[in-house]
Amino acid sequence: MSDRQQVTNARGDRIAIVTGLRTPFAKQATAFHGVSALDMGKMVVNEMLSRSELDPKQIEQLVYGQVVLMPAAPNIAREIVLGTGMDVATDAYSVTRACATSFQSTVNVAESIMTGNIEIGIAGGADSSSVVPIGVSKKLAHALIDLNKARSFGQKLAIIRRLGLKDLLPVPPAVAEFSTGLSMGQTAEQMAKTYNISRADQDALAHRSHSLATETWNAGHLTDEVMAAHVPPYKSFIDRDNNIRENSTIESYAKLRPAFDRKHGTVTAATSTPLTDGASAVLLMSESRAKALGYDPIGYIKSYAFSAIDVWEDMLMGPSYATPLALKRAGMELEDLTLIEMHEAFAAQTLANMQMFGSKKFAAEKLGRNRAIGEIDMSKFNVLGGSLAYGHPFAATGTRLITQVCRELKRRGGGTGLTTACAAGGLGAAMIVEVE
């Protein structure tokens, strides 16, 4: 069996990334305060269809993801179909793979094209940290069920008397891993300590990310991939990411206190991605259908891989496991790549993965390889800035990375690019794209 991955349909058509689009990414409770992930998802898909001048009725499948699920609309994909003028018979379903969610939705649509089931599909993801499901305590939830079944006033009163005042308090969504009880920030701290990632190096990476993102926006490179979003009550709009420190100075980072280990920690708010609202999407087609419709795709999927590791230690090391799989399936080595886009969940996590890419010991002990994945050339790495600057709406980051690297490669005249991300649950994702 060949190690190479054939990302084509039966006719030999490649999977074309026709275009990609996203909303601006906004910090929690700012520009998108009160706007749900569903509304942002409909917003970006509608705008992408409009810009591509594609009849919505031609979309055969939509796979969309969300991490912070809303009980009122658990199948965000189906609701987007119903709210964007697509045929009501359009196949639509939702996925969730933590921070790798829109990598998963992209792969699902790509595989539908590869099998010949469809020719045209949309993938993406959206998340809101400003509109979240607020829960109730376990005791109150139990009591509410019992109250629904109670028949007499006396039975109902007895149930209510079991509750204390603290049982009535709202319960916000959990930020910790279900399996371990550890937050992502605590895991980033663990990785910083384990791999001797200094505070200064974390600050420097964050400063680099914000500085490059500022340069990218000022150069106009994101205009074609970020829409202007008009938000209710439609008296204002946002057309630029609002987390970027446009006047970033390295000295300013040193003033911040550690966020997760106050006494001995090195991870700060500035070296962590903030809670963010946003949505993104990509339009995928078989190569022949894209060309028949007159499109010049921004890229093609060359290979992809997912990985999973233990959650108790190094949980955010996913890129170091998924990347060698994607490279092997593409028949490539790290040095063959033109650009590398790695999700910067935390500066510490990013630097730890970069360190492991170049580690022969890690390759031998964890990957069963006789050579390291490869040393990362910083002239190829996150050249437009990364998630530390842009922000991280969990389900939207994957398709943000894919679109961004494809368009940057297009500006440079073509080449190959790696996109990779860690994700909660010890998950990892990697996708290699090629651009002509």
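Each Cβ is built from the backbone N, Cα and C atoms, and glycine gets one as well.
As annotated by Swiss-Prot, active site, acyl-thioester intermediate applies to CYS99, with the evidence given as sequence analysis. Long-range Cβ contacts of CYS99 (active site, acyl-thioester intermediate) within its own chain (separation 6+, distance under 8 Å): VAL67, HIS343, ALA345, HIS392, PHE394, ALA395, THR397, GLY398, ALA421, CYS422, ALA423, ALA424, LEU427. For the recorded site, CYS99 (active site, acyl-thioester intermediate), the DSSP three-state label reads strand.
Here Swiss-Prot flags HIS392 (among others) as active site, proton acceptor, drawing on sequence analysis.
When secondary structure is read from DSSP and collapsed to three states, CYS422 (active site, proton acceptor) falls in the strand class. What Swiss-Prot lists as active site, proton acceptor is CYS422 (among others), and the listing cites sequence analysis.
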If you count the other CB atoms within 10 A of the CB of CYS422 (active site, proton acceptor), including all protein chains displayed, you should get 36
According to DSSP, which kind of secondary structure is HIS392 (active site, proton acceptor) found in, if we only use helix, strand and coil? strand
What is the Cβ neighbour count of HIS392 (active site, proton acceptor) at a 10 Å cut-off, with all protein chains included? 26
